[in-house]
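What follows is a single structure, written as structure tokens, with notes after it.
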């Protein structure tokens with residue numbers, strides 16, 4: 001014998017053993033051998049083994065091992081479970097398979113829910129989700145809510161919202177309660193081409209049983225984004241619909257909507273901001289602060305709606321600032337660092353900030369949050385894995401390469417690995433779980449790019465841009481990073497480049513119609529919106545959007561204010 005060979009072995013037969021065990025137990029059940037429990041539903045008797053049922057069902061385990069009378073019984077009667085469903089559950093316990101169809105799922109899911117068999121319950125929910133259509137999604141939503149199937153309920157609700165125009169024509173829609181209907185039409189994610197669709201859906205629902213339902217008109221009309229309707233539509237509505245004309249609350253709602261169109265100052269009110277929020281967010285741009293002149297530091301904030309190509313004003317910043325970082329986390333806008341300017345007679349005081357402000361779209365208010373560990377202007381800011389990163393910048397004395405991140409759960413800033421070089425006036429972006437720090441100044445104009453891997457807490461250099469850039473815009477779409485505009489130390493730029501992380505190379509795209517420095521950039525629906533900035537001769541409020549598919553530029557409505565070195569984000 002070769003003494004170098006192992007003298008033992010461990011044979012792993014788990015899969016074969018499990019299969020053989022299940023087959024053996026199932027044969028015993030089918031032949032009624034060693035069975036110690038009978039499950040009875042009406043006249044149907046199902047033979048089984050307590051230990052097998054208890055191993056897959058906490059309900060049966062509690063029944064057979066607890067202090068219940070069934071512990072000693074050899075027969076248990078069920079009155080609230082369908083016999084076919086119970087047979088399917090027992091079959092699953094012995095085989096690991098279960099047959100789910102449109103005919104069986106409505107009885108099988110409640111049985112699996114009662115008996116606490118999570119795997120079967122999960123498969124029933126997945127099957128129902130795969131069957132969603134405009135005619136059954138409301139019923140499935142109610143069914144899921146009844147049995148506490150949260151994921152299925154959310155999926156059905158999402159389907160209702162995404163397919164609302166088809167759903168609102170089905171029989172299930174007309175059988176909704178007014179409370180359920182109000183919940184649906186209040187949803188920000190309702191997918192409608194225009195708000196007119198929402199109104200017509202409500203009108204149809206009321207007319208289905210007008211005597212009983214007209215009392216709910218005012219409540220439901222309050223959930224329609226009336227300011228998004230045209231003046232012509234609102235006027236025609238008042239003239240043609242006697243139910244609205246005869247109701248004081250409805251008339252007030254229409255008057256408030258008309259004020260939005262005829263009284264621009266009314267648009268700054270909290271309620272108007274909420275009622276003009278587009279459906280299917282995130283679909284808006286938010287422009288914050290910046291400069292509109294050499295000494296003009298802005299606190300104003302405005303929002304752009306692509307649906308009607310228009311801007312409205314929002315609540316101003318607590319601290320006027322420019323050259324700050326901006327991002328969105330949990331549908332709230334964060335403004336970080338920057339330069340705050342305090343103008344007094346004969347003197348202008350500039351302060352490099354470490355302060356943080358957060359805008360809540362639900363209340364249209366700004367609140368102060370925990371300050372960064374370092375003051376930073378001209379910094380980069382991104383969100384990765386639910387945490388907010390502040391990179392580099394300038395503190396008033398030194399260019400920075402340090403990086404810190406904000407952890408919302410503990411409300412603290414913590415340092416992470418610094419960049420390989422100091423950077424200010426640069427851009428930061430997230431792509432494929434990596435943070436990119438692009439270009440900037442430190443203390444020379446740069447075209448270099450580095451990438452942070454959070455799993456390693458380390459940075460590495462990647463391909464450099466074609467142009468050196470400071471104060472430029474950045475956006476991520478279609479798996480690429482796009483940079484646009486800025487200044488190269490000699491001139492203002494109109495150029496745009498695209499980075500492919502798989503090829504690790506930059507490609508020059510079609511330039512903008514005019515150069516821009518201190519520009520804002522953000523992505524909506526795979527368009528790169530390029531906003532404001534400075535052309536080299538004037539501050540800009542103009543907006544262009546870039547279509548990467550056709551490599552073309554289109555004009556959009558300009559901002560209310562000219563802005564440079566400001567914050568722009570999509571939410």
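Cβ atoms here come from the backbone N, Cα and C positions, even for glycine.
Feature list (source: Swiss-Prot):
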DOMAIN    35-102  domain 'BTB'
REPEAT    284-331  repeat 'Kelch 1'
REPEAT    332-386  repeat 'Kelch 2'
REPEAT    387-433  repeat 'Kelch 3'
REPEAT    435-479  repeat 'Kelch 4'
REPEAT    480-526  repeat 'Kelch 5'
REPEAT    528-570  repeat 'Kelch 6'
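With DSSP states grouped into helix (H, G, I), strand (E, B) and coil, the repeat 'Kelch 6' (528-570) comes out at 0 helix, 26 strand, 17 coil. Counted with DSSP, the repeat 'Kelch 4' (435-479) comes out as 0 helix, 27 strand, 18 coil. Only residues 6 or more beyond the boundaries of the repeat 'Kelch 6' (528-570), in the same chain, are considered here, and those with a CB under 8 A from a CB of the stretch are 282-293, 298, 300, 302, 304, 306, 309-311, 313, 322-328, 333, 335, 471, 473, 475, 477-478, 480, 482, 484-485, 491-492, 496, 498, 509-510, 512-522. Averaged over the repeat 'Kelch 5' (480-526), the predicted model has a pLDDT of 95. For the repeat 'Kelch 5' (480-526), residue counts in helix, strand and coil come to 0 helix, 23 strand, 24 coil, using DSSP. For the repeat 'Kelch 1' (284-331), the DSSP-based tally of helix, strand and coil residues reads 0 helix, 23 strand, 25 coil.
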